[in-house]
Amino acid sequence: MSAVIRVDSLNKTFARKQALFNLRLEIQAGEMVALIGASGSGKSTLLRHVAGLARCDRDNGGSIDVLGRRLQASGRLSGEVRRLRADIGYIFQQFNLVNRLSVLDNVLLGFLGRMPRWRGSLGLFSAEQKRQALEALARVGLADFAGQRASTLSGGQQQRVAIARALTQKAEVILADEPIASLDPESARKVMDILADINRHDGKTVVVTLHQVDYALRYCPRAVALKGGRILFDGSSEYLSEGFLNELYGAEGDTPLLFSDRARRGAESQPELTLARA
């Protein structure tokens, strides 16, 4: 089966400091994959390259294909990048909504990649597009907020609006960069539940960067662990051992963040997660 995402020998250097080292990765259609690792490990940098938001090195930079089409190679984006981006939904950590617009108008922006630019610039959305946008908001539990300004919503609600926008975009691949990093545990669970539902019921490929490993274990069957710009683990999440995770994140600093959800809530509403032993 052809990979939906294929990363081949990807290298990236910032100001003479290499951030990604010869990364190779294939993700198949319908997978839900977590990219995990400490801050600065390269997981967000990798995701931005897969989205076409960053370019690999010009010399020996490698290549990235998405949905069977070349996205970029050797520091150059493909001429098809605009059409490819229409098939790639990107969810940012800080929501990336237009605060002065209504919730509904923000969701309607998901249609821009699939309509003439002049119509989009004038905000000429059809009645059918508005119906679909309201349907997407209903799916994330926010239909009643359609007329409110985006700035009035909580962080968790804004992130769900961003997911609704990806639904109207009709993206085949959804990339989410630390979508729950700034959210409280209840909001984080709602966001991850929605992403998992999109993966299971719509068959969309979902790749999400996560800092808290308990969410990766709970929601993502496959995990890819990065450290220092290199892939150290790629396989079933159930085989992530405590010893490996301590090595990945370090014995101090990042380690307390790994299971912050369970630490804050206790285990009364979720089954205990057991890590595989090395």
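Note that Cβ sites are derived from N, Cα and C of the backbone, with glycine treated the same way.
If you check Swiss-Prot, you get these features:
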BINDING   G37, A38, S39, G40, S41, G42, K43, S44  ATP binding site
DOMAIN    5-253  domain 'ABC transporter'
Find, among the binding-site residues listed as G37, G40, the one whose Cβ has the highest number of other Cβ atoms within 10 Å in the structure shown.
G37
Within 10 Å of the Cβ of S41 (ATP binding site), how many other Cβ atoms can be counted across all chains shown?
25
Can you tell which of S39, S44 has the most other C-beta atoms within 10 Å, given these are the binding-site residues?
S44
